[in-house]
Amino acid sequence: MKIDIKEVKPTNDQVWKKATLMNDHGMTVSLLNYGGIITEILVPDKDGKTENVVLAYKNLEQYLTNPGYLGAIVGRVAGRIPGAAFELNGKTYQLESNEDEHCLHGGANGFNHALWEIEPKALSDEVMVKLIHKSADGEGGFPGNVEAEVTYTLNNQNQLIINYTAYTDQMTPLTLTNHTYFNLSGDTKSTINRHEVTMDSEQFVELDEELIPTGKLLNVQGTTFDFRNGRRLEDGFNDDFIQNQVAGCGYDHYFIFANEKEEKAIVKDENSGRKLTIKTNQPGVVMYTSNNLVEGLELTEGVTKKYLGLCLETQGSPASLHHKGFPNIIREEGEVNKTQTIFSFGVESNDE
Ligand code: FUC
């Protein structure tokens with residue numbers, strides 16, 4: 001097990017730190033203290049070939065804008081807050097809008113653009129970095145001073161464990177996630193169309209044309225959103241179901257976990273044999289299939305394009321700010337909100 005931290009310069013006047021965590025089984029995770037952005041996850045395929053399974057820009061400078069939120073920690077509130085406004089205890093809070101009149105992923109100066117303090121720590125059986133960021137009362141329009149800590153831990157079971165801790169000194173909405181785009185084919189050899197997803201979910205949040213929750217939960221039964229027994233993503237890309245259509249012919253929806261299984265989501269790529277399993281104590285996940293990814297930005301391999309990556313953004317649901325019956329994101333004064341998501345990588349070969 002090893003950690004390496006070095007300085008990188010995206011531009012002449014900026015210095016970031018890049019941490020590289022390595023385990024004893026050929027798995028490597030690299031991340032920046034800027035936005036807590038994951039820039040590389042190297043894992044072996046079924047033949048032992050180690051390749052990168054996340055989308056990352058070739059030029060670090062691109063992360064300063066990062067329209068697709070590649071690899072980043074997202075907060076204070078991951079997802080969309082319609083009209084960039086919400087009510088709390090009878091008071092209306094107006095946020096900065098950054099997508100038409102809506103607030104997306106915490107606003108223009110969200111956690112994905114913060115330069116986090118970084119502390120490495122190596123133990124005998126795991127390596128980790130802790131990232132720390134303080135967000136002041138009123139930032140982006142949100143109430144409360146928030147102290148966030150996110151740790152990325154790599155162990156010898158080929159698991160990347162992300163722990164989020166957030167303290168607030170006032171009642172406030174908060175739900176953090178990570179916006180990594182996975183592509184298990186390795187070095188973006190192919191799109192995610194044939195990735196097979198299994199998900200422990202019976203219900204998802206209906207969206208309108210602007211990707212804003214309507215307030216209705218839909219049952220997955222009989223739709224392209226039924227991943228309970230596994231389904232290829234291309235089923236939804238090619239279907240005329242209105243919910244796939246509004247999302248740009250794909251998925252960009254919050255799925256509520258049924259909590260029948262410990263493994264909340266499993267992603268498999270038959271060609272490479274790679275398998276990603278997700279466990280979390282979050283109540284659900286936004287599954288986004290990069291339907292609206294800005295195209296043509298240079299990546300470490302290839303360029304950004306539609307269906308190139310799969311985001312599995314475990315989080316609470318911002319729809320709960322305006323509708324009843326959705327997983328809560330309001331944190332109480334003095335609360336320390338703790339969540340965890342575990343990404344486990346493995347292989348499954350067909351000829352076994
Ligand atoms: C996801 C989506 C959005 C958006 C963004 C970059 O979380 O829900 O639609 O395009 O990330």
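Even glycines carry a Cβ here, placed using N, Cα and C.
Noted in TrEMBL for the protein shown:
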ACT_SITE  His179  active site, proton donor
ACT_SITE  Glu313  active site, proton acceptor
BINDING   His179, Thr180, Tyr181, Asp252  beta-D-galactose binding site
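Taking the centre of the Cβ atoms of His179, Thr180, Tyr181, Asp252 as the beta-D-galactose site, the nearby residues of that chain (Cβ within 8 Å, site residues left out) are Gly68, Tyr69, Leu70, Phe182, Tyr288, Ser290, Gly309, Leu310, Cys311, Leu312, Glu313. Across the structure, His179 (active site, proton donor) and Asp252 (beta-D-galactose binding site) are spaced 13 Å apart at their Cα atoms. Around Tyr181 (beta-D-galactose binding site), a 10 Å sphere centred on its CB holds 26 further CB atoms from the protein chains shown. A Cα-Cα distance of 8 Å separates the residue listed as 'active site, proton acceptor' from Thr180 (beta-D-galactose binding site). For Glu313 (active site, proton acceptor), the number of other Cβ atoms no farther than 10 Å from its own Cβ, over all displayed protein chains, is 23.
Least crowded of the recorded positions (His179, Thr180, Asp252), judged by neighbouring Cβ atoms within 10 Å of its own Cβ: Asp252.
The record assigns His179, Thr180, Tyr181, Asp252 to the beta-D-galactose binding site, and the maximum Cα to Cα distance across that set is 14 Å.
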